[in-house]
Amino acid sequence: MSKTGTKITFYEDKNFQGRRYDCDCDCADFHTYLSRCNSIKVEGGTWAVYERPNFAGYMYILPQGEYPEYQRWMGLNDRLSSCRAVHLPSGGQYKIQIFEKGDFSGQMYETTEDCPSIMEQFHMREIHSCKVLEGVWIFYELPNYRGRQYLLDKKEYRKPIDWGAASPAVQSFRRIVE
């Protein structure tokens, strides 16, 4: 376990079998150590794991726990190549502003709570820009926290590409809490 209390272990096979790779800090490319990843143990902290090297491709947010097969973290396949610890601010405060248009224009909604459906809660089809005022959040491509994920730290995002998306297709979001 690192000084910050973060640790993640990747296993080649399901149910924590086969070769393993232990990590306690950000790693831009571990696929040379493991040809595939079918299970993970997060023993400390919350982690963002990525399909490709250099924190690229599909991303999955994994809080502390055990994931005996890749379907448990909503993985599309057994390929993972990089990871980074998610650093949560102290104080436990959360606040986000979402906008129906880019550059913080159009209707704005502010919340401090998770949202399983932006259509039901805010009557919006998409999010085109946002300001993360407090905390760390995850945007999801589909309602009920499903689909592609995007990690948002405290800053302003003028357009979807700023949070790593090709389109404004965000249908749900939630806070990362420990």
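Cβ from N, Cα, C; glycine included.
When Swiss-Prot is compared with the stretches 2-5, 146-149, the one noted as region 'N-terminal arm' is 2-5. Swiss-Prot lists region 'Connecting peptide' at one of the ranges 64-69, 88-93, namely 88-93. Distant neighbours of the region 'Connecting peptide' (88-93): 46, 112, 134-136, 154, 176-178; these residues of the same chain sit at least 6 beyond its ends, with a Cβ under 8 Å from one of its Cβ atoms. Non-local neighbours of the domain 'Beta/gamma crystallin 'Greek key' 3' (94-134) in the same chain are 143-145, 152-160, 162-163, 167-175, 177; each lies 6+ residues outside the stretch with a CB under 8 Å from one of its CB atoms. Nonlocal intrachain contacts for the domain 'Beta/gamma crystallin 'Greek key' 2' (45-87), taken as residues 6+ away from its ends with a CB within less than 8 angstroms of a stretch CB, comprise 4-8, 10, 14-16, 23, 25-31, 34, 36-39, 136, 138, 146, 148-151, 164, 176, 178.
Distant neighbours of the domain 'Beta/gamma crystallin 'Greek key' 1' (6-44): 53-55, 62-70, 73, 78-85; these residues of the same chain sit at least 6 beyond its ends, with a Cβ under 8 Å from one of its Cβ atoms.
Sorting each residue of the domain 'Beta/gamma crystallin 'Greek key' 4' (135-177) by its DSSP state yields 4 helix, 19 strand, 20 coil.
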